[in-house]
Amino acid sequence: MAYQSQDIIRRSATNGLTPAPQARDFQEEVAKLIDVTTCIGCKACQVACSEWNDIRDTVGNNIGVYDNPNDLSAKSWTVMRFSEVEQNDKLEWLIRKDGCMHCSDPGCLKACPAEGAIIQYANGIVDFQSEQCIGCGYCIAGCPFDIPRLNPEDNRVYKCTLCVDRVVVGQEPACVKTCPTGAIHFGTKESMKTLASERVAELKTRGYDNAGLYDPAGVGGTHVMYVLHHADKPNLYHGLPENPEISETVKFWKGIWKPLAAVGFAATFAASIFHYVGVGPNRADEEENNLHEEKDEERK
């Protein structure tokens, strides 16, 4: 079983004349909740992601940090981020699982000029269709979290799929399945928000007064959320943006030029019809016949 076209609610690069796809049935939005306060940085989730998706990154060089690999890539869809910070005169080691946030309003999808290369399912998962990718990299620029990565081998972009192939058959993502401390949870978005509120309340009783849920409104909310000790300072967690938003360039492109492109297409099509009706399809043939007649007269 796999998702069908009827399960898709958005496609990249569809113009104003293309009707929006409709999900065949109501599907609850799903979400992955990552509780960074119980993560031990074991990287089991990284291994599970690599195994399930059959991706193998090259062995990098040790640069003096625990991060390995050092960054996301086309063959590393999730990495552990480690940050040493000082808060309230105490040294803290903050750990965050990094990867696609699956935004409700995805900047990558809006920026993509290749039709159908990026899609969003009714449950909120944002997926890349690599066979449609043209390798332009616009999705990378459009992502406020700097997640997608271009593979130089095939000139296509890749990212976490939230294990959509597992979710469709009722399984949880591979990283959730393998986490030994239960730091990663998966379910409906509402149930994950409820779980997060319970965890935040517990953290506040332990002295973390600024604990909270990271579910940024600037991108319409996300389908990967974090429970943070210091929710008032998300940038402490390896630069997690405080108020991520779709760039003004992407908004301008989709807000103004997209409808203008649709109008231009319609105008061109209408002009072609009027030309056909008013002038007719045989004008070129008539001119060619006249030219042949003139040449025949000259020969005589």
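Every residue gets a Cβ built from N, Cα and C, even glycine.
Residues annotated as topological domain 'Cytoplasmic' in Swiss-Prot: 1-260. Note on the topological domain 'Cytoplasmic' (1-260): its mean pLDDT in the predicted model is 91.
Residues 66, 68-70, 73, 75-80, 82, 94-97, 102, 123-125, 160-163, 166-167, 173-189, 192-193, 195-196, 199, 203, 208, 211, 222-229, 237 of the same chain, all 6+ positions outside the domain '4Fe-4S ferredoxin-type 1' (30-60), place their C-beta atoms under 8 angstroms from a C-beta of that stretch. Residues or ranges marked as domain '4Fe-4S ferredoxin-type 1' in Swiss-Prot: 30-60.
If you look up Swiss-Prot, you'll see C39, C42, C45, C179 marked as [4Fe-4S] cluster 1 binding site. The Cβ of C42 ([4Fe-4S] cluster 1 binding site) lies under 8 Å from the Cβ of P180, each on the same chain and at least six residues away in sequence.
Taking Cβ pairs closer than 8 Å, the domain '4Fe-4S ferredoxin-type 2' (91-123) reaches residues 3, 7-14, 23, 26-30, 32, 34, 36, 39-41, 45, 72, 77-85, 129, 132-134, 136, 138-145, 147-148, 159-162, 164, 167, 175, 184, 219-224, 226, 229-230, 236-238, 240, 246-247, 250-251, 253-254 in its own chain, all 6 or more past its ends. What Swiss-Prot lists as domain '4Fe-4S ferredoxin-type 2' is 91-123, and the listing cites sequence analysis.
Break the domain '4Fe-4S ferredoxin-type 3' (124-153) down by DSSP state and the numbers are 8 helix, 6 strand, 16 coil. The domain '4Fe-4S ferredoxin-type 3' annotation in Swiss-Prot covers 124-153, and the record cites sequence analysis as its basis.
Under the heading domain '4Fe-4S ferredoxin-type 4', Swiss-Prot lists 158-189, citing sequence analysis as support. Long-range contacts of the domain '4Fe-4S ferredoxin-type 4' (158-189) within its own chain (CB-CB distance under 8 A, at least 6 residues past either end) are made by residues 1-3, 28-36, 38-40, 42, 44-45, 47-49, 51-53, 72, 74-75, 77-78, 97, 99-100, 102, 121, 123-128, 130, 147-149, 151, 195, 221, 223-224.
Positions annotated as transmembrane segment by Swiss-Prot: 261-279.
Swiss-Prot lists 280-300 with the feature topological domain 'Periplasmic'.
With every protein chain in view, the residue among the binding-site residues C39, C45, C179 whose Cβ has the most Cβ partners within 10 Å turns out to be C45. In sequence order, I40, G41, K43, A44, M80, K97, C175, T178, P180, T181, A183, I184 are the residues of the same chain, not among C39, C42, C45, C179, whose CB sits within 8 A of the CB centroid for the [4Fe-4S] cluster 1 site.
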